[in-house]
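Novice: Submitted below is the structure of interest, expressed as structure tokens.
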């Protein structure tokens, strides 16, 4: 009853092509923005901000990056964590080596660096497809992490490759409290998500989807394959790179190359699969799910079984539940949480009258 | 020159061990089109189950721990466990996902990886265990004395096992009814179904055979490095072998394994020192990648033709 678009007419092209064509969605969107942008940092405690909200936002950004590449352009990648590593270490070096480098500029430069590396490792996609490409992206994963460890220049000659992120300062204001870091992360992620949403709605996104659905057919009707694929790799790596820089600067603070390992890449892949392949919204849902699940299991399993079972049992049980849930989700809803949300919305539109 | 040959032979023989793992991937991919990432976890599961039974069986049956009966009984029980695992996977994971895109199936096998790892460690514990096959890992004296080339007996044994396994599989594929059905399914699902080959039975057989291969691979790797969680990473060693040889080719897995093994060791010895070492993690991938640029389907993979 509340969610009905009757009487909302679109009189201009601009109105017709907006992201949320239904007024209730727009209201809901702004309410969400206010809740997460203003109310949450005011009301929640440090633990929630540091351990849950900031990582969810950052992983959402990385998931959007991978979703652009895998969900929209159809190129399966197992190396997203490596591009995050490139972003993190690039930001570190830009701020370290260039006097007075503004943080936001460093962030963009980190993204650009990751994008360039992404283009380089995207080149094979012009020749190889499917699982061959997926395995080939593992080359990026292993090579980049290895290079960051082996060449101490990247980590300013720190012996173990560990770097500590500098303070985040914008226009003289230092973002030191979790609240401030959260708001900064939130603004950046919201802005980039909006950008991504518009990108995939535009001709760029349509080109990606055409290539995803069948690249030979797309080529036949005049899409430039090389440009489209490499653009997808560049944009995707840009997003992952910025996410990696944020991961270092607003989340963990101290990063090492080994932290961006294959497990992290898989995690991001799970996020888009569970959230929904080819959906920006799904990236957020998936990231929230994957970040919250281990925390939930950590607290939940000892609650049921008691502490008698020991840490080894709990961690193995978590592995099983985690894997089992992924299989369960794939079987029950292969299109992910975003699809569930869509179904719910369609039901809501008719509710309470079925016709 | 002797050193070069030693490195080369050592590389080739360790390549055989990669090929053993890659073989399991190929079998499943060929028959069901599933890129089974859980193969590494299966290797771990199989080896752990074998060692676990070896530990508990003497107590149950009142036998000497090092008697042959225990060894073969443990082997049999581990094989049965792998068959059960294969059938359960087919029933619980694959059947509901029939006709889903390849990426979905691939993701499901990553999920399966976690489940299998969890079950294995939950049942048998996470301790590192030794596995003794009765073959010592020492150079063959005759080669050492006459040519000063150190070739490990153990590596040679592993190569022998791999060769007989491949021969066995080839016989199975060529001369049995099940083998013919397997090849038919690999060729064309639809056509195989329409002439009355039961797809699901075939899948179960394939998973069981892949389980057997995983068991053999797990025992050899386990005897080499100890039965531990790191065995799951053998999957990562097998992936470049796969893309080099082609996903669908059994000979490809062997040849790919040899190429990767040899070049990896040679690169580690001759190139490694210039860049600081530790390159065996990514070198096989780069090699396979460079190779794919010339042959996108790997060495023996089926040529893929796109039709609009």
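Note that Cβ sites are derived from N, Cα and C of the backbone, with glycine treated the same way.
Note that the coordinates shown come from a computational prediction; the quantities given were computed from them, not determined experimentally.
According to TrEMBL:
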- A:27-43: transmembrane segment (TRANSMEM)
- A:49-69: transmembrane segment (TRANSMEM)
- A:76-95: transmembrane segment (TRANSMEM)
- A:101-123: transmembrane segment (TRANSMEM)
- A:130-149: transmembrane segment (TRANSMEM)
- A:182-200: transmembrane segment (TRANSMEM)
- A:230-249: transmembrane segment (TRANSMEM)
- A:269-297: transmembrane segment (TRANSMEM)
- A:309-332: transmembrane segment (TRANSMEM)
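Can you walk me through where each of these features ends up in the structure?
Specialist: Away from its own ends, the transmembrane segment (A:27-43) comes close to residues 20, 49, 53, 179, 182-183, 186-187, 190 of its chain (Cβ-Cβ under 8 Å, at least six residues beyond either end).
Here the transmembrane segment (A:101-123) has long-range neighbours at 75, 79, 83-84, 86-88, 90-91, 94-95, 137, 139-140, 144, 168-170, 188, 229-230, 232-242, 244-246, 249, meaning same-chain residues at least 6 beyond its ends whose C-beta is under 8 angstroms from one of its own.
Within the chain, the transmembrane segment (A:182-200) has long-range Cβ neighbours (under 8 A, six or more residues past its boundaries) at 19, 33, 36-37, 40-41, 49, 53-54, 57-58, 60-61, 64, 68, 72, 107, 168, 170, 175, 208-209, 235, 239, 242, 246, 250-251, 280, 283-284.
When Cβ-Cβ distances below 8 Å are used as the criterion, the transmembrane segment (A:230-249) is approached by residues 57-59, 61-62, 64-66, 68-69, 72-73, 75, 77, 80, 83-88, 90-92, 103, 106-108, 110-119, 121-123, 125-126, 163, 165-166, 168, 185, 188-189, 192, 196, 199, 204, 208, 211, 255, 260 of the same chain, each at least six residues removed from its ends.
Beyond the transmembrane segment (A:269-297), the same-chain residues lying 6 or more positions past its ends with a Cβ under 8 Å from any Cβ of the stretch are 51-52, 55-57, 59-60, 62-64, 66-67, 70-72, 78, 80, 193, 196-197, 200, 209, 317-318, 321-322, 325-326, 329-330, 335-339, 341.
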Novice: Using a Cβ-Cβ cut-off of under 8 Å, list the residues of the same chain that are 6+ residues beyond the ends of the transmembrane segment (A:49-69) and lie near it.
Specialist: 36, 40-41, 75, 77, 80, 83-84, 178-179, 181-182, 185-186, 188-189, 192-193, 196, 199-200, 208, 232-233, 235-240, 242-244, 246-247, 250-251, 267-269, 271-272, 275, 277-280, 282-284, 286-288, 290-292, 295
